[in-house]
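What follows is a short report on a single structure.
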Amino acid sequence: MFGGGAKEAASSCYNFNTKGDYYGFCKRTSTSYIPCQQQDILCGKLYCEGGNANPNYGRLVTVSNCKASFFGDYTKDYGQVDTGTKCGNGMVCSQNECMQLEKAYRNTNCSAKCAGHGVCNHRDECHCDPGWLPPNCNVQDGEFSALSTGATVGIVLPILLVILGVSLGVAGFMWKKRQGPTLPRSHVQQKKEPVNSAASYANQRPAIGQPTPVREAPRIKPKGVPPPPPPVGKKPAPQSQNYLAARQALRPVPHPKV
């Protein structure tokens, strides 16, 4: 009301609320100011110290060192202590009266009267748990119990039947598998085939980018010592060919003269 620097005034300031005047009262009508009872003085006019020189709204009222605000319209008097403000140990302000917390919020012994089977609602009535009857939740609902039992049986029984059927199916499958024909081990011949591992295949295969070596044909060695070469000498002159004699020889033989 008087800014962030203001604080609540001393408790002695609230004694002015017993005066029943415009600067101190608990309740107000259009024509009068109703004073507070001594036990309610902390729930009347709000008094402050420090802060701003004038209130943020309303008119300034100063009594000794106690500052308050005054409003001309009694229906819009914001200078009173707010409802719910603490006015004692376990007590709060409600309609400008200081009263017990339970009475102010109308929840006296509400949880106790619900017998532990419900909670209080905003109407100060017991909201019972399922299966318990109002108003005090201390009587069990017989129809709800019977329905709950039947519903439980109706849910559990199909589940058990499904589990039993699955178990029997698995057991039958395992029994049939064990009873199937099997061949004796002595008649079963296992042929072991050589397995070419990837490592041996990689060793036999030439690497990419390297030339493949070409195998040379084996050289045939003579069994004995080769003969010596012929002596070096004059070669005989080649015989001259007599082409004339050859032509005469090819002529036909003349007939004999008679």
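Just so you know, glycine gets a Cβ as well, placed from its N, Cα and C.
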Candidate in Cys114, Cys137 joined to Cys128 through a disulfide, as TrEMBL lists it: Cys137
Cα distance (Å, whole number) from Cys120 (disulfide bond) to Cys128 (disulfide bond): 9
Number of other Cβ atoms within 10 Å of the Cβ of Cys137 (disulfide bond) across all protein chains: 20
The domain 'EGF-like' (106-138), counted residue by residue under DSSP: helix, strand, coil: 4 helix, 8 strand, 21 coil
